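Single-structure report; data block below.
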Amino acid sequence: QDKLKFSMGAENESAVTEFILEGFSGLDQSLQLFLSLVLLLMYLTTVMGNATIILLVCVDHRLQTPMYFFISNLAFLEIWFTSSTSIKLLVILASGSRTISLSSCFAQSYFYFALGYTEFALLVAMSFDRYVAVCQPLRYAAIMKPQLCIHLVAAAWVTGFTLFSYRLVLLCKLIFCGSNKIHHFFCDNSPLYKLSCSDTSLLWRADSVLVPVVILGSLCFTLAFYMGILFCILRLPAASGRKKAFTTCSSHLTTLAIAYGSCIALYVCPSKDVSSETNTVVALLNTVLYPFLNPFIYSLRNRTVILALNKATACATAQL
């Protein structure tokens, strides 16, 4: 039975004080348990992989460069981004506890979008860094100074959390007095707004403008830098150099395709004909699969990172 708590308002109307997340409720219990184990393994791998990257960048001087500074910030962000949705999803699948309070739901929605914007901004900064490294190698040290890197990262974090603060303010003013079932595994904007009894037009308008601008704008900048990298690669004299550069860029673009593709499908051009189950699966690509792949794509396949990891492992073993 649905757990619904009520508080009586001034006009004797019942107001919902918690929601029920209905994501994956149609699956068999055994299948939900299996999915929870798979997601738990992916979540732990994501956290441990990104934490390893952060630790290696901090302790190994070879990794204290602009590129790995951006990657370590991305790794830190990925831990929080996937945690904002995955922990509750694991609880839902493993224990069946689907309720979430209004305040927790609003906080989850805010952090999901704020961290998402920050991630896109960091990806633009990282693509700019790679563009300068490949196309302007002699000026790289002069352009990518530590101060510029710190300013770019700080701007990404501050802008993301400031820009989406309007969501938290407006969400707290909404009244929910009807159904409390959210047909998703987290408090996404569309299923949450549809449950409100108050006027959500301002939130719809703000999201319909800001979210697509953030996603498509950052995508255009990222693709522009990668196109510049591609033209520089094609002018490289050595075939081996071109192959290595193509391999690196193709793996990066694969993860970008997952992140941007899922966000475009969900927020830029959502289809009314697509079922909530399909949207839930697409959202999993963005909240679980993409953070899971990032440590391997950006760092753990890199020779310098592998050497640093081997060195750290050898030092830890020697101390034992």
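Cβ from N, Cα, C; glycine included.
The transmembrane segment annotation in TrEMBL covers 33-56 (among others).
Residues annotated as domain 'G-protein coupled receptors family 1 profile' in TrEMBL: 49-298.
The list of residues near the transmembrane segment (68-90) in space but at least 6 beyond its ends in sequence, with Cβ under 8 angstroms from a Cβ of it, reads 21, 23, 36, 39-40, 43, 46-47, 49-51, 53-54, 57-58, 100, 108, 111-112, 115-116, 118-119, 122-123, 125-126, 129, 149, 152-153, 156, 185-186, 287-288, 291-292, 294-295, 298-299. Marked as transmembrane segment by TrEMBL: 68-90 (among others).
According to TrEMBL, the transmembrane segment annotation covers 110-128 (among others).
Look at TrEMBL and you will find 148-166 (among others) tagged as transmembrane segment.
The list of residues near the transmembrane segment (209-233) in space but at least 6 beyond its ends in sequence, with Cβ under 8 angstroms from a Cβ of it, reads 113, 117, 120-121, 123-124, 127-128, 130-131, 134-135, 163-164, 241-242, 245-246, 249, 252-253, 256, 260, 263-264, 267-268. According to TrEMBL, the transmembrane segment annotation covers 209-233 (among others).
Per TrEMBL, the feature transmembrane segment maps to 245-268 (among others).
The transmembrane segment annotation in TrEMBL covers 280-300 (among others). Residues of the same chain lying 6 or more positions beyond the ends of the transmembrane segment (280-300) and with a Cβ under 8 Å from any Cβ of it are 23-24, 39, 42-43, 45-46, 49-50, 52-53, 68, 71, 74-75, 78-79, 81-82, 85-86, 112, 184-186, 188, 251-252, 254-255, 258-259, 261-263, 265-266, 306, 309.
For the transmembrane segment (148-166), the neighbouring stretch richest in Cβ pairs under 8 Å, chosen from 33-56, 110-128, 245-268, is 110-128. Away from its own ends, the transmembrane segment (245-268) comes close to residues 116, 119, 123, 134, 188-189, 207, 211-212, 215-216, 219, 222, 226, 229-230, 233, 236, 279, 282-283, 285-286, 289-290, 293-294, 297-298, 301 of its chain (Cβ-Cβ under 8 Å, at least six residues beyond either end).
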